[in-house]
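Undergrad: Have a look at the structure that comes next, please.
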Amino acid sequence: MAPSVTIDNSSDFSPITTNFKTTSFNPRTLLLAPPSIASHEEKLRNVLATHDRTVTDLQMLDRLSAGLVTLPESTYDLVLILTDADGTRVESKGLLTRDVFGKITQALKAGAKLQAQDGTFGQEIDGAEYQEAILSGLVAEGGVMLKPDYSASVAVPLRLRRKDNSKNAAVSSAGPAVSMAAVPLHGKRKSVDMTDDVPEKDVPKVDSPKNDAPKGVGFIDFSDDFDAEDDDDELIDEDTLLTEEDMKKPLAIPPECAPRAGKRRRACKDCTCGLAEKLAKEDADKRATADSQLQALKLDADDLAEVDFTVQGKVGSCGNCSLGDAFRCDGCPYIGMPAFKPGEEVRLLNNDVQL
């Protein structure tokens, strides 16, 4: 008889996964270790011995800073930053950037704590760690950094008073309250007296408005004289505010408007210091001086020089120099001069051509 063989199809390498649920009785802890402590197995083992490994996670701080690992959101009740191998936190401080603080804050539960192993985290208010922790959303309380619990705030509902609609009465916009009446939807409509149930003595009299004007429309009294001056307004003459002594006082020119050496400063658009008037007066004086100098330069008859434009028997290349600008070429030296006869004497008197 041949021997029987039994084959086991079950996998021998199936890992056993255990889901640890975070409750108030087993708070989860995250240990952030600097790179230097990884080479000191004894120190790392001593730290892990003081924590329950079922609810404690260990992450390297340099890998978190480089973005190689991600932290679950709102998971940990305590995040503990371990010291370096030499007992200081010089290496860990260099890795705690603003991005790392943001990741740690997201991983903390509401009301969770962020501490250091040596207890020096967040003790210096002027330190960079304290400022970055505050900027990431943590608050300092009792010497530790906490993530505030905003769920504790309770929204208070605002209730508004409502009118009591329990009464079966309808209020008309044009009269008193009337009782409700049922109107059939099919067949002929019955005339319903809306005031049958209301006694006449209880019905107040409503005066009809005098003006049947639509709402929101105003009226203007055109009898008012809008152009007339209001007697209640007291007008002040500006000239009476200054005395003769005030007018004699020199204007106080600001230092920035004072004349300087070099390029002349231009006055402001709405100048009030007197610089605009001063510059205008200087320009007027310069123009008057130039005009007086031009008027003084006059030539007498003896000082006039005779200008002979042509020579008898000599003509230009085009032969039209004496005919006028309409017949002269572009390079003619007589452009702008009136037509003349060849050999005619031309005199200049006060910039005017005298033929």
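For all residues, glycine too, the Cβ spot is worked out from N, Cα and C.
Values in this document were obtained by computation on a predicted structure and should not be read as measured data.
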Undergrad: Which range is it, out of 288-302, 318-332, that shows up in Swiss-Prot as region 'Fe-S binding site B'?
TA: 318-332
Undergrad: Using a 10 Å radius around each Cβ and all protein chains in view, which of these binding-site residues has the most neighbours: CYS329, CYS332?
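TA: Counting every other Cβ within 10 Å of each candidate, the maximum falls on CYS332.
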Undergrad: Nearest to CYS321 ([4Fe-4S] cluster binding site) by Cα, among CYS268, CYS271, CYS273 (binding-site residues)?
TA: CYS268
Undergrad: Return only the integer: C-alpha distance in Å from CYS271 ([2Fe-2S] cluster binding site) to CYS329 ([4Fe-4S] cluster binding site).
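TA: That comes out at 54 Å between the alpha carbons.
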Undergrad: Write out how many residues of the region 'N-terminal SAM-like domain' (23-156) are helix, how many strand and how many coil, based on DSSP.
TA: 50 helix, 31 strand, 53 coil
Undergrad: Using a 10 Å cut-off on Cβ-Cβ distances across all protein chains shown, tell me which of the binding-site residues (CYS271, CYS321) has the largest neighbour count.
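TA: That would be CYS321, with the highest Cβ count within 10 Å.
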